Amino acid sequence: MVSQQPAREQWGSRLGFMLAALGSAVGLGNIWRFSYVAGESGGAAFLLIYMLCIIAIGLPILMAEFTIGRRAQLDVVGSFQSLAPGKPWVIAGFMGVASAFIILAFYGVAAGWSLFYFFQYVFGGLNVAAEGASADFFVNFHTSPIHPLFWQFAFMATVTGIVFVGVKKGIEASNKFLMPLLAILVLILAGYSMTLSGAGEAFSFLFSPDWSALTDPAIYLAAMSQAFFSLSLGMGALITYGSYLSKKEKLPGAAVGVASMDSLFAIVAGLMIFPAVFTFGIAPDSGPGLVFITLPEIFSSMSLGTIYGLTFFFLLSAAAISSGVSLLEVAVAYFMRQFEWSRQKAALIIGSIIFLLGIPASLGLGVWSDITVIGGRDIFDSMDFLASYIFLPLGGMIIALFVGWGWKKADAFEASDFGDTVLGNIWIWLLRVFAPLGILLVFLYSTGIWTF
Ligand code: PHE
Ligand code: NA
């Protein structure tokens, strides 16, 4: 058995949990990662598969994570150990903790870029008047060895500070104001962007699929990984957050709320980015720099662009912080229980380690870009590949099988608030068969073992 900690922190209100889970979900994944992955994967076909993955795989597993966390009231490793002592399911817990280290390491690098752009706009913005200037600016910045590390450090220090103080005190309040503001701003910018001359091209890029693209195995894995990454799924972030939840909240409503808000954010972000991509002649497959190259073009073409730029990058950084907090919290909650560390000690030690792990990711885009690790990928992409393409879907598969087959059906119905209803049964069968099989087929298809 796993020992319960005496007084587990809890969310302050029903809304508090929903906001925290949303705060974890909505982040750089929706704007930065979504845009460049969609851009590399051809747009509409990717978006279609992405949405299918959200509904048929992501949503049921999201529910499963909430259910596990609230039932066990423990961190991701402890949850499996207490609900199924001595069983191998706990491997998903350890993979989750490992993913927290890896994802936050490279996430911190990109979040640092966002912080840097914020300060850049505070001091007047970027001069992107010349053609290609915003791309040059980004490349100069992120390939320089030391400069991005400074901002990555600033981001990690903030995230560590919030986890140090305690999740509940640290993030509930900020999510309540900043996330709705980000939503409004992204909507305004999307509205503006759609008046640009490239809007038509962007629309067909995003919404009219090139069906032949569906035979490209790579986009299935890219879309499924993006679904997991964006929903903060498959690594126990939402198990951990669910564990700070008391019995009052109705889980299915919260799960649907998080999944739909997160997807809306991504789609509106696409409407903000791609019209500008086509208007300003930026390549959709520009990679991780895409939004950092595109957005300055939007802002410089707007009146009051500096104000918009400053506000946007402030709010994007805030969204990245609340996602980073949920990543760090997965590891901190585990180390606190397992090694009886204080929250403060765990936050400081793990936050520092993750900062150090992020340094090679940052350098891998610049001075170390010759170093390739997994399949020709640089260090940054390799970390993303290992965590987002392998660990998250695999962890999600284990979580689905665990609730689907490792629990008594009646327990799963009760713990999830579904009860023995039609929806409850659909959920269970999605977990038992559809979601794990879907993940397996995507894995097999993308490795070329299975084709159709
Ligand atoms: N979902 C977050 C985002 O979209 C990133 C994240 C992934 C957070 C995994 C926690 C766990 O930015
Ligand atoms: Na997201």
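Note: Cβ is positioned from N, Cα and C throughout, glycine not excepted.
As recorded in TrEMBL:
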- 12-32: transmembrane segment (TRANSMEM)
- 44-68: transmembrane segment (TRANSMEM)
- 89-119: transmembrane segment (TRANSMEM)
- 149-167: transmembrane segment (TRANSMEM)
- 179-199: transmembrane segment (TRANSMEM)
- 219-244: transmembrane segment (TRANSMEM)
- 264-283: transmembrane segment (TRANSMEM)
- 307-335: transmembrane segment (TRANSMEM)
- 347-366: transmembrane segment (TRANSMEM)
- 386-405: transmembrane segment (TRANSMEM)
- 426-446: transmembrane segment (TRANSMEM)
Sequence gap of 6 or more, Cβ distance under 8 Å, 3 or more pairs: do the transmembrane segment (179-199) and the transmembrane segment (12-32) meet that? yes
Would the transmembrane segment (264-283) count as touching the transmembrane segment (12-32), if touching means at least three Cβ pairs under 8 Å and pairs must be 6 or more apart in sequence? yes
Cβ pairs under 8 Å between the transmembrane segment (347-366) and the transmembrane segment (89-119), at least three: yes
When counting C-beta pairs under 8 angstroms to the transmembrane segment (386-405), the leading stretch of 12-32, 149-167, 307-335, 426-446 is 426-446
Other than its close neighbours in sequence, what residues sit by the transmembrane segment (149-167), given a CB gap under 8 Å and a spacing of at least six beyond its ends? 9, 20, 104, 108-109, 111-113, 115-116, 244, 317, 320-321, 324-325, 328-329, 332, 343-344, 347-348, 351-352, 354-355, 358-359, 362
Region pair the transmembrane segment (44-68) / the transmembrane segment (219-244), three or more CB pairs under 8 Å: yes
